[in-house]
Amino acid sequence: MQKGNTQIALILASFIISNIVVLVVSQGQLRVGFYSKTCPNAESIIRKVVQKAVADNPRNAAILLRLHFHDCFVQGCDGSILLRNDEDGELKAQGNLGVVGFDIIDSAKARLENLCPGIVSCADIVSLAARDAVSLVNGPFYDVPTGRRDGRVSKMSLAENLPDVDDSINVLKSKFKEKGLSDKDLVLLSGGAHTIGATACFFMQKRLYNFTPGGGSDPAINPGFLPQLKDKCPFNGDVNVRIPLDWSTQNVFDVKILRNIREGNAVIASDARLYDDRMTRQIVDSYITSSAASFNQDFAEAMVKIGNIGAKTGSEGEIRRACNAVN
Ligand code: HEM
């Protein structure tokens, strides 16, 4: 009997160890320079496409950065957000409203398919394009581990749990934690990303006119700033009007947004919430007093972390021929 128990324990132990090994190996398969032999110009081609897109319209930098976040938070960074042929695809979810930039990814993919067919995944293009976009607007340039494969599933229901602009700080923290991201990553990634780009007035309605609790406006908004926001996004006004997320320096990656958050001048509610909580407040404050270089470096590390979420490698998924549809 005892011998039987020992055997079961040994089998269990080897099962656990082999699973740990599989986990470590599959996470470890992303690596910098994955295409250096199979498609050596892949990264430079993507960079050129992004350079042109940002030169044509500086807004494209923010668009590409947001696309990466929305890809990675639903089923991992697997290009599932790019699958746009399904009626109930993930792009149709409320949290994905306003996500665009597909034409830029498609254009990079078309060039890569010409040069090295079937090699470079759409998921990697999204991740590399986000990095290039950030660096083109004064943000850091960092190495992106690659080797992601493309997913085959895109479902609206899977995107229902995306962070919402009106989430409390506890909900935001837990949604990030579920993806293996810390409070520090939350501040770096959402605060850092929202230093560029814009929001539709649609996302400002609750914050300005129907805040919970209490109704009216979010009390965290600086009274000197509130009339400016209301002026741009009036009650019952056009919800498609877009306003900068970083009031002081839109289109430039910098840490001024953290000062805005501290001073009650954050634009969207989820950025303001970063100052509601002792932990995240301390993190915001720490970067206001530290050097821009340290913020940039930590932001870059957090971007690599978000880029690792649920990455499919090895024999999982596929390399799509076109980014908008599975093979
Ligand atoms: C904490 C959770 C987050 C929430 C609730 C949130 C919410 C939003 C909302 C409502 C907008 C405006 C969208 C529009 O009107 O088109 C926006 C824009 C943006 N978000 Fe976030 N976001 C979060 C985190 C992030 C993260 C982690 C990133 C990237 C690392 C990111 C990148 C961006 C960018 C770059 C824009 C500007 C897009 C543009 O100009 O078209 N966000 N976000």
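Using N, Cα and C of the backbone, Cβ positions are placed for all residues, glycine too.
Note that this is a predicted model, so its numbers are computed, not measured.
Listed in TrEMBL:
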type: TRANSMEM; residues: 6-25; note: transmembrane segment
type: DOMAIN; residues: 29-327; note: domain 'Plant heme peroxidase family profile'
type: DISULFID; residues: CYS39-CYS116; note: disulfide bond
type: SITE; residues: ARG66; note: site 'Transition state stabilizer'
type: ACT_SITE; residues: HIS70; note: active site, proton acceptor
type: BINDING; residues: ASP71, VAL74, GLY76, ASP78, SER80, GLU90; note: Ca(2+) 1 binding site
type: DISULFID; residues: CYS72-CYS77; note: disulfide bond
type: DISULFID; residues: CYS122-CYS323; note: disulfide bond
type: BINDING; residues: PRO163; note: substrate binding site
type: BINDING; residues: THR195, ASP246, THR249, ASP254; note: Ca(2+) 2 binding site
type: DISULFID; residues: CYS201-CYS233; note: disulfide bond
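Feature map: TrEMBL annotations on the structure.
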residue : record                       : Cβ contacts under 8 Å, 6 or more apart
CYS39   : disulfide bond               : LEU112, LEU115, CYS116, ILE119, VAL120
HIS70   : active site, proton acceptor : ILE81, GLY95, ASN96, VAL99, LEU162
ASP71   : Ca(2+) 1 binding site        : CYS77, ASP78, GLY79, SER80, ILE81, LEU82, ALA123, VAL126
GLY76   : Ca(2+) 1 binding site        : GLY151, ILE309, GLY310, ALA311, LYS312
CYS201  : disulfide bond               : LYS232, CYS233, GLY237, ASP238, VAL239, ASN240, VAL241, ARG242, ILE243
ASP254  : Ca(2+) 2 binding site        : ASN138, THR195, ASP246, ALA292
Starting from the Cβ centroid of ASP71, VAL74, GLY76, ASP78, SER80, GLU90, the recorded Ca(2+) 1 site, name every other residue in that chain with its Cβ within 8 Å, sequence order please.
HIS70, CYS72, PHE73, GLN75, CYS77, GLY79, ILE81, GLY151, SER154, LEU158, GLY310
Taking ligand 1 as the reference and 6 angstroms as the Cβ limit (strictly under), which recorded positions among ARG66, GLU90, CYS122, CYS323 are close?
ARG66
Just name the most isolated of the disulfide-bonded residues CYS72, CYS116, CYS122, CYS323, going by other Cβ atoms within 10 Å of its Cβ.
CYS116
Listed in sequence order, residues not in THR195, ASP246, THR249, ASP254 with Cβ within 8 Å of the centre of the Ca(2+) 2 site Cβ atoms:
ILE196, SER248, GLN250, VAL252, PHE253, VAL255, LYS256, ILE257
Using all protein chains in view, find how many other C-beta atoms are within 10 Å of the C-beta of the residue listed as 'substrate binding site'.
19
Whole-number Å value for how far THR249 (Ca(2+) 2 binding site) lies from VAL74 (Ca(2+) 1 binding site) (Cα to Cα):
30
Using all protein chains shown, find which of the disulfide-bonded residues CYS77, CYS233 scores highest when you count other CB atoms within 10 A of its CB.
CYS77
So among ARG66, CYS72, PRO163, all listed as recorded positions, which is physically nearest to THR249 (Ca(2+) 2 binding site)? Use the C-alpha atoms.
ARG66
Could you state the CA-to-CA distance between PRO163 (substrate binding site) and CYS72 (disulfide bond) to the nearest Å?
12
Consider the recorded positions ARG66, CYS72, GLU90 and say which one has the Cα lying nearest the Cα of CYS122 (disulfide bond).
CYS72
